[in-house]
């Protein structure tokens, strides 16, 4: 507890967790945990042909497959522990028998054991009994050695390969899902959004061109119109190619990639079942004795091993998890994009004088990529063939009971086949895009590309332009009328009355966001014309923020003589001013030309200051004071964090960072966000009130009276909360006892997310200084390079464990921050606290591995703590 240090010595690590599991789902468990089937399959299905097919392609099925493998791994660990104990018992028993014979030999001498004056049946019987006991001890010792060198060693290999299989399967499934989502959803949606924007720009440019009266203005408008069409056509082609690629990726994903992945997993799982059967058979053979009573037990064990059939091992699992999951529809061209566009056909490339060059360049580029893709496919096919030949040759030379040594090679073959499927998919997409481009150019032949559009000649009269526009309008009207006949009619709710909404005060307007940071405004405004009203954090003024031409613009609403204005005449209230700008569609200012189109509404977390009744001050944070309080609506007890009004805007934005993280969290071991008050100063973050206070004070005051099992349970709570954050790619960066809260029932909750960050790849690179970093809780890679990740949080969790079992002592108490960093770099770690269980301290040491990749995940830490708690009765 004094925070002294020691250098870790090399030691043999042994597994600290072993839990019973089962591979085969019993009928009773099916009745308790029956899940919906993926499809209506016949009940008398041929189980031998069943695999991890379409029933398990959905995320639920993937989760169940991972859970199945985890269950099997737990069972294998249990078997390994069992066999190890059996070998140890046999060695000890053989040693005891040998000791008995040695003692007898010392007392009587080997000659006296048999030599008698006459032939004595008793002496001969005694010699046989004693000598056969020694023979039995040698046999048992040999059996123990064979058990350790045979089944036990092979079981370790099987566990290692099964862990690797689970890891590879999970990674490949995630990779396939991410690639599928990127190709069929994200990229297509991004192009669709750009498509709509360019269609609007093109329509606007066309209108200006048609309305231009002077020659100079008309020529200028014409150039702008042509440029907009050029961009639109180029993007149209890009979108067509993306849709083609997405459709092919969809087909390949559900017809090739997923079936190959699941067939590979199913095959390897079956192979591992067969390997385990051989291992158990060898175990049964080695441990078999000849006594009748033992033989009866052995026959039962042998029968149980014989019942293992790899072909039907997973039949009950597949039957139990047949989810109702349909393959999503293939990606097709969104014809709604063409409602306002001209001369464009769905799914057809646009080849004209504006796009001929880009189409030719695209064809050249894709042909180069296709050539490289073909080489990669050919190389991978050769590698798959070589692995198959090697595997067949080794199978022929394989001795009975040695299949386990081929598991790694089988898994390598399956991985290569899966990689081949990915390369084939990429080649198919490139080939389809290349064919589409080549066919389009072949249709053109040696002719000149057609003009991009029939531009009106400058000499045409305005009257003819009006006639053409009216003709187009009439044609669109006819189209809309015809499509309306066949499209379903939807009943729409009546429009919301505008007058009562306008008369509401500013704080009740859905588009008023209060004192939110300027940086957050940029995230909320997504499309041109989006707007909101906020309160300036520095000057106590109201600001109208609008997105225009891809940039957020901010206009201070001027207040004078009880009127609010931006440029023209004022109105009595800001809601009336905003409503006037929306209804009239007049520019905000003549210079900017900005027009409001869509209000951005505040989210569900926004509370008014009047909704919260403040109580007494219960603490102080980095940004301001913390109060107890109640919600006026239902008297819910809450904790209210306030932000000092004098702080600069960048610190106020950091204050709200905690709320942005907590909005996405919903877990019993994470403190719950209730809302945010940003309508005026000071800003509040409203959270659930955790009555027990911070964990550090709890340890120092109540820790000595706390039972060991309860303390482990509280650490289990912390690990569960951090495991949830890890799944959300959230990095806490300040995990310590002082930042955890304890409920009245001694449940621990993770709190204080002021330094937290959320990154898609789970890694955050800090570029700030070291002033506020808690050095003694922070991982070395974060201190040295600013690299924060869930692995660095695991290091901090190890310090939290040490704090808990030292009952609130200060880590590295006798060292400064700099001395602590130097000691850690030299391999020095904290000594185990008094009364700390050995398996808990081993877990701490694993958390303090210098290499982040060697530290356990929070999921593993959580499971280890559960196992440790179960062992401490």
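Placed from the backbone N, Cα and C atoms, the Cβ positions cover glycine too.
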Site co-member for ATP according to Swiss-Prot, given 618, 619, 620, 621, 622, 623, 624, 625, 626, out of 604, 641: 641
Among ranges 445-471, 472-498, 499-525, whichever one Swiss-Prot labels region 'Disordered': 445-471
Residue, out of the binding-site residues 618, 626, whose Cβ gathers the largest set of other Cβ atoms within 10 Å: 626
Remaining residues near the recorded ATP site, that is with C-beta within 8 Å of the centroid of the site residues 618, 619, 620, 621, 622, 623, 624, 625, 626, 641: 642
Distance from residue 734 (active site, proton acceptor) back to residue 618 (ATP binding site), taken between C-alpha atoms, in Å: 21
Taking residues 618, 619, 620, 621, 622, 623, 624, 625, 626, 641, which bind ATP in the record, the widest Cα spacing (Å, whole number): 14
For the domain 'Protein kinase' (612-865), the mean pLDDT of the predicted model: 88
For residue 620 (ATP binding site), nearby residues of its own chain (Cβ under 8 Å, 6 or more apart in sequence): 626
